[in-house]
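To start, the structure under review is shown below, and the notes come after it.
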Amino acid sequence: MGHRVVTGVQQPRPIQLILPLVLLVILLAAVWAESQDYYKLLGVSREAMTREIRQAFKKLALTMHPDKTPGDPSAHEKFLQVNRAYEVLKDEDLRKKYDKYGEKGLDEQQQGGRYESWNYYRYDFGIYDDDDEIITLDSGDFDSAVNSGEIWFINFYFPRCSHCHQLAPTWREFAKEMDGVIRIGAVNCGDNNHLCRRKGINSYPSLFIYRAEQKPEKFNGERSKDSLVHFSMQFITTTVTQLWQGNVFNEIESAFSLGLGLLITFCFDTGDCLEPRTRQKVAGMLDGLVKVGWMNCTSEEQLCGSFQVTSGATIFFPPGSSLDQQGSVLWLNTLDSKEIYNQVINHLPDLQLLTSDNFQSKLAHHRWLVSFTFRDRSPATIEYKKLQAFLRNDHIQVSRVDCIADSELCKSLYIDKPCVAVFKGLGINDFEIHHGKDVLYNIVGFARDSVHAHVTTLRPDNFPSDRKEPWLVDFFAPWCPPCRALLPELRKASIQLSGRMKFGTLDCTIHHNLCSMYNIQAYPTTVLFNGSSVHEYEGQHSADGILEFIQDLVHPSVVVLDPSSFTERVKDGLEGSIWLVDFYAPWCGPCQVLIPEWRRMARLLSGQILVGSVDCQRFQSFCQSQNVRAYPEIRLYPGKSRKPDHYIVAGRRI
Ligand SMILES: *[C@@H]1O[C@H](CO)[C@@H](O)[C@H](O)[C@H]1NC(C)=O
Ligand SMILES: *[C@@H]1O[C@H](CO)[C@@H](O)[C@H](O)[C@H]1NC(C)=O
């Protein structure tokens, strides 16, 4: 084989820049030995959420760890495998690659090559993973949670920090006390390094209050339950009004005219009314749905009597209830804020019901969040009543469709289980179904994003088969975490590309036929249909990645080569044209990492060097005939007096 030197090339500088990158990538490429299914290793289903994966792994770590099985010579190897499975499945990007290509899709950065001591897994691994009142947030849901409109108090901790462990029992008690009043969260900065750095966390534990559209507030006080409660209560700014003869009827009228309920606690010297802090908590919990007031029955004895109250009591008047008609009024026999909240929420009128008769006309003019319900309604759906308060300022109305009574309507939308969907005010066809967690903050975030975005839930009747305009279609399964992570990014991209193309999602668990027609094998598979051409998106799950992909389709920077164009343009091409060619396989992890870099580089070099790529899975025998040995293999074909086979492989000269 002939030899040429890099310095013989006309434009050496950009190449020197990329060679180290390319070398690194090649070092990472490797062959994987066959081994066990990661999901089986951890004993979780393919649909498992990250939390389940963490819990399953922790259980295994506590029993299988080599520290605990000193007699077993294979313990180390076995645990390494489990650890690797965990490291891959907890990472959304790696998990998708694994789902799609198996182990050969992963690069050899040796995820899971090192593990921690048994003590670490026992004491330091996700301090709050098992606490119901504490919501462990990660980079995927942090922003939508703290921007939902609820108040969040978040504990940023680091697994190995001893002060974090000292705080844990107090934080748990505090969370129980404030459950329902504010959201108590935790972020494991060991697992979410970037997130914590982005939030400026530089010591552990760091405790911050987050409210939508306001600066986070740091807690610097003594780390006791009382001072934590005291600190957080100052953010509950809902007013509790003292009621008396002069204002009570106005208050009732104004609450009802806003569609709100009214809760009054009647206080006598003998007690049995809600104490000030409880009133404040209840007011915070029911903010936007119910006004809270209190009455001093020692000074307002007659007024209290007119409510038929003769000793301490708390009464709830639902919106529109008449004071004389005692039937709809609810007497509460508890002083516990959480119980009061539950009883009141249950007693509030249900969401407005849409039926097949009024569905079309209602949806034509307004933005709606619609809850589709079936026979058994989950406890979460009772809380949906709060959505009205959260979404009022976004001009999104909230309603319900009873899919048992209106089964034809739900069937026509391919809705066969409980879900919520946003209808964007453009009629019955333009809606998007929510696939995130069934919790309030997640639904609120979804609704706000979705009404501004242009992503449509597809089904056979609106699937773009005629393709008069470009469509980006995301084939996905709702249970797949990388799919869920991609959905918000699609929404962002759809806003940027609005008017230039359309965006749709197709749920392959419902529309099997369409998905198999398009030969979808892994989720998510994102495809751009443009006329007769079809391009699959292979990059990162980010809006920027998608935008770059589209930009590159419109103004391609990398020439896609096949055997004949390779011969024509690269081998026998014009004298003086220098080519850089990436021989890759779609399944190879490092190749995927290279794709966006390759495009970026091609744009940087445009006019100086031609940049191409060859898909060696499609053109396997061709790549073999070219002696391509590993993926990706980068070759430089210098222009002058080119003889066949004069090329340089990523710094090695051949
Ligand atoms: C209620 O009114 C009485 C009589 O005016 C007064 O002595 C008492 O302090 C008031 N109670 C409260 C909690 O304000
Ligand atoms: C779609 O195809 C048309 C015509 O071939 C082309 O001009 C346009 O740039 C393409 N759009 C995208 C987004 O690929």
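Along the chain as shown, residues are numbered 1 onward.
Any Cβ shown, glycine's included, is placed from N, Cα and C.
Annotated features in TrEMBL:
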DOMAIN    37-102  domain 'J'
DOMAIN    123-237  domain 'Thioredoxin'
DOMAIN    447-555  domain 'Thioredoxin'
DOMAIN    556-654  domain 'Thioredoxin'
SIGNAL    1-33  signal peptide
Problem - Secondary structure content of the domain 'Thioredoxin' (123-237), with strand meaning DSSP E or B - result: 39 helix, 24 strand, 52 coil
Practice task
Could you pull the average pLDDT for the domain 'Thioredoxin' (123-237)?
Solution key: 91
Practice task
Mind tallying the domain 'Thioredoxin' (447-555) by DSSP state, helix then strand then coil?
Solution key: 43 helix, 26 strand, 40 coil
